[in-house]
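Taken from Swiss-Prot, the feature compositional bias 'Basic and acidic residues' applies to 1-26. Look at Swiss-Prot and you will find 1-35, 163-201 tagged as region 'Disordered'. The N-acetylalanine annotation in Swiss-Prot covers A2. Sequence annotations record features per position, and here Swiss-Prot assigns phosphothreonine to T13, T18 based on a large-scale study or a structure entry. Taken from Swiss-Prot, the feature phosphoserine covers S21, S60, S188. If you look up Swiss-Prot, you'll see 26-164 marked as domain 'RanBD1'. Among the features that Swiss-Prot reports, N6-acetyllysine is placed at K150, K183. What Swiss-Prot records for K150 is N6-succinyllysine, and it gives similarity to another entry as the kind of evidence. Residues annotated as SUMO2 cross-link in Swiss-Prot: K190.
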Amino acid sequence: MAAAKDTHEDHDTSTENTDESNHDPQFEPIVSLPEQEIKTLEEDEEELFKMRAKLFRFASENDLPEWKERGTGDVKLLKHKEKGAIRLLMRRDKTLKICANHYITPMMELKPNAGSDRAWVWNTHADFADECPKPELLAIRFLNAENAQKFKTKFEECRKEIEEREKKAGSGKNDHAEKVAEKLEALSVKEETKEDAEEKQ
C-alpha cells in the first residue's frame, strides 16, 4: 500500500511546467467560400412602420376550423420607392422565415378581434408567405392596445394612399382611352373618305 502511495506522489499531474506557447488551435478552412451579398428584396422599399407582434391565420381546411399561430416577429409596412405599392411583411424572429407578405389594397379593412382591444383581423386575396399566393384570413396581436391602435392608424393611411393613387391612375386611364378612341374614329373617317374618293373616280 505504501508503494502505491509513493508512485502516486511521484507522478506529477500539475500543468504548471507545460509550455502554452506551443499550443496553437488555429484551423484553416478546407474550402474557402467567397462572401455573398444577401438580398432581402427590401432594398428598394421605404419602411413606413415596424413593430413587434404575433400573427395568426384561420385554418378553415381542418375538420374543426381554428386560429393557428403563424409566428412572432416584426411586422413592417413597406412602400416601394418607384412603384409606390405598399405591402405588409412579417418575418419570424429567429429563422427570419416570412409569415405574412401581401400588398395592401383599398378593399382591405381591419376589424377588431372579438374580446381584445390589441388585436385586428383582415382578409387578403393573395398572401405570398408560402410558395404560391393564396387567400388568407389573418389576425395580428400586439403587446398592448396603444401599439394596436398605432398599427391601425398607419394601415388606414396606407390603404387610403393606395385608394387615391388608383383613382388618379383610373382617371388617367379613362382620359387615355378616350384619346385613343378619338384617334381611331379619325382614322376610320379618313379611310372612308379615301374609299369615297376612289368610288367617285
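Heads up, residue numbers simply count up from 1 along the chain you see.
Quick reminder: no glycine exception, Cβ is built from N, Cα and C everywhere.
Averaged across the domain 'RanBD1' (26-164), pLDDT in this predicted model comes to 91.
Sequence-distant contacts of K150 (N6-acetyllysine), defined by Cβ-Cβ distance under 8 angstroms and a gap of at least six in the same chain, are F49, M51. Look at K150 (N6-acetyllysine): DSSP puts it in a helix.
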